[in-house]
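**Q** Summarising the annotation, Swiss-Prot assigns disulfide bond to CYS93-CYS98, CYS483-CYS502, CYS562-CYS609. According to Swiss-Prot, the N-linked glycosylation site annotation covers ASN167, on the basis of sequence analysis. Residues or ranges marked as Cu cation A binding site by Swiss-Prot on the basis of experimental evidence: HIS194, HIS198, HIS224. According to Swiss-Prot, the Cu cation B binding site annotation covers HIS344, HIS348, HIS384, on the basis of experimental evidence.
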Amino acid sequence: DALGTGNANKQQDINHLLDKIYEPTKYPDLKDIAENFNPLGDTSIYNDHGAAAEALMKELNDHRLLEQRHWFSLFNTRQREEALMLFAVLNQCKEWYCFRSNAAYFRERMNEGEFVYALYVSVIHSKLGDGIVLPPLYEITPHMFTNSEVIDKAYSAKMTQKPGTFNVSFTGTKKNREQRVAYFGEDIGMNIHHVTWHMDFPTWWQDSYGYHLDRKGELFFWVHHQLTARFDFERLSNWLDPVDELHWDRIIREGFAPLTSYKYGGEFPVRPDNIHFEDVDGVAHVHDLEITESRIHDAIDHGYITDSDGHTIDIRQPKGIELLGDIIESSMYSSNVQYYGSLHNTAHAMLGRQGDPHGKFNLPPGVMEHFETATRDPSFFRLHKYMDNIFKKHTDSFPPYTHDDLEFAGMVVDGIAIDGELITFFDEFQYSILNAVDSGENIEDVDINARVHRLNHNEFTYKITMSNNNDGERLATFRIFLCPIEDNNGITLTLDEARWFCIELDKFFQKVPSGPETIERSSKDSSVTVPDMPSFQSLKEQADNAVNGGHDLDLSAYERSCGIPDRMLLPKSKPEGMKFNLYVAVTDGDKDTEGHNGGHDYGGTHAQCGVHGEAFPDNRPLGYPLERRIPDERVIDGVSNIKHVVVKIVHHLEHHD
């Protein structure tokens with residue numbers, strides 16, 4: 001940055017901008033900017049000479065922007081456009097001064113939800129945002145993550161000036177079988193992973209914003225496939241069958257009562273049990289979705305899609321799933337949105353609106369219309385099982401891998417061991433809900449926290465003993481998967497049946513010297529997961545201390561919040577223990593990373609979230625080598641670089657550190 005703004009100052013600015021988002025800023029420097037800054041005063045501060053700022057200022061001056069104290073949904077076209085106009089302004093800033101000034105100015109003038117969304121995606125995608133850790137959304141907009149009962153208690157605590165920590169219970173009762181797995185869909189870390197992935201890979205992204213989102217369509221498939229597979233693992237751990245796919249012409253069996261409220265806009269709508277899909281005014285007719293689906297099935301059966309100019313594009317090739325993901329979601333990368341529509345996005349809005357499909361009661365959007373809250377609704381996983389089966393039809397159209405495809409010559413995996421027991425348990429996690437309550441002139445803030453039960457596991461280490469029978473050192477890619485052995489009825493699954501339910505535990509690159517070698521890898525280093533985020537309070541303290549002490553701030557370990565929470569790497573399992581197959585596939589790292597920064601430890605969460613602004617670090621299809629049909633298990637068993645062992649995971653009801 002030309003002004004030499006350090007990470008500590010940037011972090012402090014972002015903290016201040018997001019503090020008490022529903023109230024005017026209390027920080028004098030930001031207040032001064034908000035009153036006196038003119039976004040069009042000096043257009044040389046922007047790369048586009050102020051074109052984006054001019055467009056947004058026109059909307060503001062014409063009183064066309066959504067008012068404050070109103071709900072915001074990304075699935076609402078106009079509201080999304082407004083948020084993106086602010087993103088465009090911030091994204092065009094050359095220096096931090098411009099970024100900070102515009103953010104402070106529009107914070108006081110734009111809808112709070114639009115502002116938060118625009119600020120988050122700008123920090124994620126702009127070079128100026130490097131080094132900044134975005135505070136956990138569950139502390140910035142707690143209403144989206146916390147049930148109404150707890151928010152009410154928070155108000156009471158504030159008014160009576162009594163600090164408090166309040167227990168959040170999962171929705172539903174024991175009469176509802178789905179309640180057994182509510183801890184998964186309602187986990188605040190899982191919600192953050194889902195909402196952040198959609199910020200990292202937004203549907204609206206165009207390369208003119210600065211770079212290409214590599215393999216976005218394929219990652220859309222893989223991330224949601226893994227969420228669904230993980231949900232099925234949790235169901236298996238709770239004596240439930242795998243989630244059933246959604247059908248447009250059948251009833252939606254499971255209703256959902258979210259028991260959460262918007263900060264402004266009333267309660268999230270309830271959907272009763274056993275309702276038929278209805279057309280939704282202003283969104284779509286059910287029949288439209290059936291037509292869209294049949295066109296996608298046609299493309300898979302033909303092996304090609306038709307682009308908007310009428311040309312055919314072959315999808316029976318490695319990049320095929322990428323093209324398919326883009327049209328199913330759909331994103332701006334879709335080859336032909338007019339013809340293939342937007343199956344996933346429209347379906348989210350359709351499900352969100354089933355409580356009030358004709359706008360008769362003027363209800364706000366449902367939980368499915370926010371990425372923060374979508375996974376709470378059991379129908380989210382039914383919708384994604386439906387999408388997942390479309391992708392499976394495509395991957396099943398490829399020939400199975402042969403021995404030669406899978407072999408990494410000279411590389412032998414001799415054994416796999418786990419150092420440490422695979423034990424899961426629930427523990428308590430606290431987060432602040434101070435931002436949920438309003439501040440009065442004379443009412444001091446008191447500590448108000450929500451306490452939730454979250455799944456966790458003991459740390460463990462993989463020990464992979466192997467032999468590299470080649471002359472020299474080789475770069476290897478280690479791919480680790482956990483696969484079910486039996487279904488919910490105790491029937492043994494073939495590998496071909498199990499492979500689609502496997503979950504990715506880790507993927508890493510490592511040089512293996514010639515001769516025998518033992519590779520050790522800690523569960524906490526997984527490229528699939530992220531650690532718990534620092535609290536907003538902790539981010540504020542660290543930034544303030546660094547600024548006051550004149551030293552810089554390095555929070556790079558937390559820079560990405562896209563990734564499965566560390567604590568949820570393993571499925572819960574059962575108290576008596578469950579057995580699973582642990583697969584380790586070692587593949588040729590030079591081929592896998594050809595054309596990339598080979599052998600470099602990408603760290604972070606590249607397995608499901610890629611690397612910002614760079615090509616995806618692995619050339620193989622996501623899910624390799626289990627993503628294609630395996631009619632004959634002997635092919636997998638016959639290569640020396642792939643091995644599996646049976647592991648046992650036990651759930652402890654009482655946890656003692």
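Note that Cβ sites are derived from N, Cα and C of the backbone, with glycine treated the same way.
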**Q** Out of CYS98, ASN167, HIS194, CYS609, the recorded positions in the record, which is closest to HIS344 (Cu cation B binding site) when you go by Cα distance?
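**A** Comparing Cα positions, the candidate nearest HIS344 (Cu cation B binding site) turns out to be HIS194.
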**Q** May I ask you to report the DSSP-based helix, strand or coil state of HIS198 (Cu cation A binding site)?
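**A** Looking at the DSSP assignment, HIS198 (Cu cation A binding site) belongs to a helix.
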**Q** Within 10 Å of HIS384 (Cu cation B binding site), Cα to Cα, which of the recorded positions CYS98, HIS194, CYS562, CYS609 are there?
**A** none
**Q** About how far apart, in whole Å, are the alpha carbons (Cα) of HIS198 (Cu cation A binding site) and CYS93 (disulfide bond)?
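**A** Cα-Cα, rounded: 23 Å.
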**Q** CA-CA, which of the binding-site residues HIS194, HIS224, HIS348 lies nearest CYS93 (disulfide bond)?
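**A** Closest by Cα distance to CYS93 (disulfide bond) among the binding-site residues HIS194, HIS224, HIS348: HIS194.
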**Q** Measuring Cα to Cα, how many angstrom lie between ASN167 (N-linked glycosylation site) and HIS194 (Cu cation A binding site)?
**A** 24
**Q** Translate the DSSP assignment of CYS502 (disulfide bond) into the three-state scheme.
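**A** DSSP call for CYS502 (disulfide bond): coil, neither helix nor strand.
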**Q** Count, for each of the binding-site residues HIS198, HIS224, HIS348, HIS384, the other C-beta atoms lying within 10 angstroms of its own C-beta, and report the residue with the smallest count.
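**A** Ranked by other Cβ atoms within 10 Å, the binding-site residues HIS198, HIS224, HIS348, HIS384 bottom out at HIS198.
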**Q** So which other residues, same chain and not among HIS194, HIS198, HIS224, have a Cβ within 8 Å of the centroid of the Cβ atoms at the Cu cation A site?
**A** HIS193, VAL195, TRP197, VAL223, LEU227, PHE371, ALA374
**Q** Mind giving me a neighbour count for CYS98 (disulfide bond)? Other Cβ atoms within 10 Å of its Cβ, every protein chain shown.
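**A** There are 23 of them.
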**Q** Hey, what's the Cβ neighbour count for the residue listed as 'N-linked glycosylation site' at 10 Å?
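**A** There are 12 of them.
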**Q** How big is the Cα-to-Cα gap, in Å, between HIS194 (Cu cation A binding site) and CYS609 (disulfide bond)?
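**A** HIS194 (Cu cation A binding site) to CYS609 (disulfide bond), Cα-Cα distance: 11 Å.
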**Q** Whole-number Å distance between the CA of CYS502 (disulfide bond) and the CA of CYS609 (disulfide bond)?
**A** 18
